[in-house]
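Let me begin by presenting the structure, written as structure tokens, before commenting on it.
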Amino acid sequence: MSLEREEPQHFGAGPAQMPTPVLQQAAKDLINFNDIGLGIGEISHRSKDATKVIEDSKKHLIELLNIPDTHEVFYLQGGGTTGFSSVATNLAAAYVGKHGKIAPAGYLVTGSWSQKSFEEAKRLHVPAEVIFNAKDYNNGKFGKIPDESLWEDKIKGKAFSYVYLCENETVHGVEWPELPKCLVNDPNIEIVADLSSDILSRKIDVSQYGVIMAGAQKNIGLAGLTLYIIKKSILKNISGASDETLHELGVPITPIAFDYPTVVKNNSAYNTIPIFTLHVMDLVFQHILKKGGVEAQQAENEEKAKILYEALDANSDFYNVPVDPKCRSKMNVVFTLKKDGLDDQFLKEAAARHLTGLKGHRSVGGFRASIYNALSVKAVQNLVDFIKEFAEKNA
């Protein structure tokens with residue numbers, strides 16, 4: 001069986017297309033890793049080889065994001081949904097460990113994923129409230145992020161265990177252009193951000209975040225593993241909250257496998273880490289480094305988003321982009337046709353050109369082009385050409 005393939009043009013939202021060189025190397029390593037006679041999925045997660053994979057991946061991520069010494073990198077099984085739970089209980093405990101009392105978490109709801117994260121915190125009986133729901137500022141629909149002047153009064157002078165946001169909402173095509181200044185400038189607020197769909201797509205200042213979580217299967221690897229970047233001070237605060245105190249205050253206890261200090265203390269291997277999945281993630285890190293790092297990747301991503309949105313806007317009598325231009329996602333471009341009855345034809349003709357994965361999320365319909373890091377400018381240009389031709393033919 002050959003490890004060669006024609007470069008895909010797959011715009012699926014995740015699991016997403018991956019760099020072919022990464023998959024080729026991973027396939028070889030699954031059979032015989034570093035000439036040790038075993039595949040990487042067969043080695044002990046506590047062996048020297050596995051430990052080196054863990055350490056190398058952290059080293060490469062630190063280089064890519066310029067992660068300061070104030071923060072720690074670790075990995076957990078699961079995905080973003082697992083993180084919804086672990087963030088809520090760990091960060092609630094951190095606040096108790098620091099202050100000896102509880103405070104609500106605050107959620108900025110800009111789409112379905114931040115909404116689901118809030119709902120999970122409530123389900124677990126972690127004190128939580130919505131600071132704003134973007135639907136309230138956009139006629140009952142997601143697709144806009146309200147200016148912070150409209151909601152910053154809701155956080156001034158108020159204690160929160162953390163403030164949560166999803167930087168890029170894949171379903172609704174909404175992305176925060178930057179972190180809200182009112183959060184960044186408040187030393188009492190720990191920002192917790194879900195970067196599952198835009199991690200390593202653009203430069204960020206890690207020092208501004210209390211916790212970053214990112215599921216792997218969109219921009220950095222295969223499903224089943226999530227990376228975390230956390231302030232070391234938060235880890236210390238979590239450890240400072242005893243189970244007895246948490247019980248007395250009614251704060252749920254985090255299951256041991258998802259207790260952040262325990263995971264960090266055991267180098268992400270307290271529970272058997274899927275080392276093959278982590279190795280693939282590290283191969284992605286190395287691939288981006290070889291391309292010129294996050295700065296080069298960001299320039300490429302901005303070019304892809306630019307030509308795609310320009311094509312849709314130039315044919316605005318035929319296509320509709322239901323997202324405020326101020327917060328249009330550079331990762332997930334959502335759009336609909338203004339003419340009824342053509343959706344299936346659009347997908348069929350796109351597939352004939354090997355442009356796949358364009359169907360919109362079942363909850364919103366229409367179309368979604370996910371242009372993650374692994375999608376080339378050429379692939380997006382091919383989609384742009386098709387979008388223009390389809391509009392001309394069916395206007």
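Any Cβ shown, glycine's included, is placed from N, Cα and C.
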Item checked: Record-annotated pyridoxal 5'-phosphate site (Swiss-Prot): member among Gln208, Gln217, Gln286 besides Gly80, Thr81, Trp113, Thr170, Asp194, Asn271, Thr272 -> Gln217
Check: Which of the listed residues, Thr20, Thr254, has Swiss-Prot annotated as phosphothreonine?
Finding: Thr20
Next item on the list: Do me a favour and check the Cα-Cα span between Ser112 (phosphoserine) and Thr81 (pyridoxal 5'-phosphate binding site); whole Å is fine.
Entry: 12
Item checked: DSSP three-state assignment for Ser112 (phosphoserine) -> helix
Note to self: According to DSSP, collapsed to three classes, what secondary structure does Thr20 (phosphothreonine) have?
What the structure shows: helix
Margin query: Counting Cβ atoms within 10 Å of each candidate's own Cβ, which of the binding-site residues Asn271, Thr272 comes out highest?
Written below: Asn271
Checklist line | Lys218 (N6-(pyridoxal phosphate)lysine) and Thr170 (pyridoxal 5'-phosphate binding site), distance between Cα atoms, whole Å | finding: 10
